[in-house]
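Notes follow the structure.
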Amino acid sequence: MKKEIASHLLEIGAVFLQPNDPFTWSSGIKSPIYCDNRLTLSYPKVRQAIAAGLEELIKEHFSTVEVIAGTATAGIAHAAWVSDRMDLPMCYVRSKAKGHGKGNQIEGKAEKGQKVVVVEDLISTGGSAITCVEALREAGCEVLGIVSIFTYELESGKEKLEAANVASYSLSDYSALTEVAAEKGMIGQAETKKLQEWRKNPANEAWITA
């Protein structure tokens, strides 16, 4: 499953690998990888594979789920497809409450005591997913965990999720992606080394000259 999804993401250009010409994230971190899972929306076969995979993860790890919650905005469409497949209610959670109208942060119904699974497109530092989890907990929901399409497998993300006491499972990850990219001849040995060094410590730019 991990390598299959990784292959899909590479084929449609949802993930770019540029170890010799790094991207700069909004945080200022230089990165050899850029992930835009919104592109999956434009590929029916890919998004169907993702929805099926997320459903499988939820059934395996969070079988008592009652509500599917998407993170705004990238997780909303995937949450909708998964909730439809599972015949479950769905809501989505904003990064912060609206400044007008009812001032909702949670759109749709997620009631006190209900068991919720969060659908996220990408786990990097875990920040947006944790914000979603906290909003649902404040509303009295029991958050069973998070499922996502892809994770960078960053230690900082793992630590934040553990600190928030929330389980998280991804369809694919950085390790599988770099392995598939190497198998496809998209990166060579030198590039693979740079990618591996970056994941160990993204804040240390020594990987660029590794």
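Using the three backbone atoms N, Cα and C, a Cβ is placed for every residue, glycine included.
Straight from Swiss-Prot, the features:
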BINDING   R94, K98, H100, E120, D121, L122, I123, S124, T125, G126, G127, S128  5-phospho-alpha-D-ribose 1-diphosphate binding site
BINDING   S124  orotate binding site
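Least crowded of the binding-site residues (I123, T125), judged by neighbouring Cβ atoms within 10 Å of its own Cβ: T125.
S124 (orotate binding site) sits 18 Å from R94 (5-phospho-alpha-D-ribose 1-diphosphate binding site), counting Cα to Cα.
Look at G127 (5-phospho-alpha-D-ribose 1-diphosphate binding site): DSSP puts it in a helix.
For G127 (5-phospho-alpha-D-ribose 1-diphosphate binding site), the same-chain residues that are 6 or more apart in sequence and have a Cβ closer than 8 Å to its Cβ are K160. Cβ neighbours within 10 Å of D121 (5-phospho-alpha-D-ribose 1-diphosphate binding site), excluding its own Cβ and spanning all shown chains: 26. With respect to Cβ neighbours within 10 Å, the binding-site residues R94, S124 differ, and R94 shows the lowest count.
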